[in-house]
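Noted in Swiss-Prot for the protein shown:
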{"type": "SITE", "residues": "LYS34", "note": "site 'Transition state stabilizer'"}
{"type": "BINDING", "residues": "GLY69, GLY70, ARG91, ASN192", "note": "substrate binding site"}
{"type": "SITE", "residues": "LYS252", "note": "site 'Transition state stabilizer'"}
Amino acid sequence: MLNNMSNNTNNITSVLTESLPYIKKFQGKTIVIKYGGNAMVDEALKSSFARDIVLMKLVGMNPIVVHGGGPQIGKTLKKIGKQSQFIDGMRVTDSETMDVVEMVLGGLVNKEIVNLIHQHGGHSIGLTGKDGSLISAKKLKHDIEPTSEIIDLGHVGEVDKIDISVINLLLKGDFIPVIAPIGVGKDGFSYNINADLVASAIAQALNAEKLILLTNASGLLDANGELLTRLDDNIIDGLIKDGTIHSGMLPKINCALSAVKNGVKSTHIIDGRVAHAVLLEVFTNSGVGTLITCNE
């Protein structure tokens, strides 16, 4: 028993010692975290994520959370008897579905995250991209390969412009912003936007130190299924050309590349199924995912 206690103490001491240089390095820096996947549905992972965010704030960082909520939207639609339809992984969003999206993302999911942060001693404010004109959106025009036929996805949008005024106001007040990826267009309509795209755009607008994307994978894997721990844009271009990066991971990689090519120091694609994944990635030498930087 004494040996076990000694080993545990040594492990804790090692982690704390290892984290100190990173705490100093990133004090006062802005880190945008896209929160999604298993980390949003597993109770233990939800709690560990909230604690990670609170600790980052306590040691002087400025974490900003952008969240998804696809499974929760699907569950609510099913309850009201409405079928979910997807094209190339994107939810077809008519006006009725958009009402549900706003209710679930802007209400249920957003406020649950805010409440979890509060439970662990943090101070956060939840908002959507419609608040303070944070996210100006435009309708997404999606074409299907190989015909290039333009498909109307309804209220599915992309980021047109980010106004960081409301975020800066919250950071100045020492709050943790928790943002639902809903924007408003010049036409006055609400649009549901992919949370990875929103997180990347906000990170770029703020010149953030880091963009962290939580996934249901270990990170970016090579052709043999081995984790690629560190990549730059040149290597990634090659991996896309040879087909190593494909399908569902490709849009996420494009978000990561867009960020590091436009002022964000680094992007991290990490395994949200690992407890305290955010802290392990930011505060340890080995991390728990793939670090992406720009070679320019």
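In case you wondered, yes, glycine gets a Cβ from its N, Cα and C as well.
Note that the coordinates shown come from a computational prediction; the quantities given were computed from them, not determined experimentally.
Everything Swiss-Prot records as a feature, shown here on the structure.
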{"residue": "LYS34", "record": "site 'Transition state stabilizer'", "DSSP class": "strand"}
{"residue": "GLY69", "record": "substrate binding site", "DSSP class": "coil"}
{"residue": "ARG91", "record": "substrate binding site", "DSSP class": "strand"}
{"residue": "ASN192", "record": "substrate binding site", "DSSP class": "strand"}
{"residue": "LYS252", "record": "site 'Transition state stabilizer'", "DSSP class": "helix"}
* If you count other Cβ atoms within 10 Å of each one's Cβ, which of the binding-site residues GLY69, GLY70 has the most? -> GLY69
* Including all protein chains shown, what's the count of other C-beta atoms within 10 A of the C-beta of LYS34 (site 'Transition state stabilizer')? -> 31
* Structure fact -> Rounding to whole Å, the Cα atoms of GLY70 (substrate binding site) and LYS34 (site 'Transition state stabilizer') are apart by 13
* What other residues of the same chain, not counting GLY69, GLY70, ARG91, ASN192, have a CB atom within 8 A of the CB centroid of the substrate site? -> GLY68, ILE73, GLY74, THR93, VAL101, VAL104, LEU105
* Asked: Taking every protein chain shown into account, which of the recorded positions ARG91, ASN192, LYS252 has the largest tally of Cβ atoms within 10 Å of its Cβ?
  -> ASN192
* Cα-to-Cα gap, LYS252 (site 'Transition state stabilizer') vs GLY69 (substrate binding site), nearest whole Å -> 16
* To do: Work out how many Å separate ARG91 (substrate binding site) and LYS34 (site 'Transition state stabilizer') at their Cα atoms, rounded off.
  => 19
* Mind computing the max CA-CA distance among GLY69, GLY70, ARG91, ASN192, which the record assigns to substrate binding, rounded to whole Å? => 12
* Distance [Cα-Cα, Å, rounded] between ASN192 (substrate binding site) and LYS34 (site 'Transition state stabilizer') -> 15
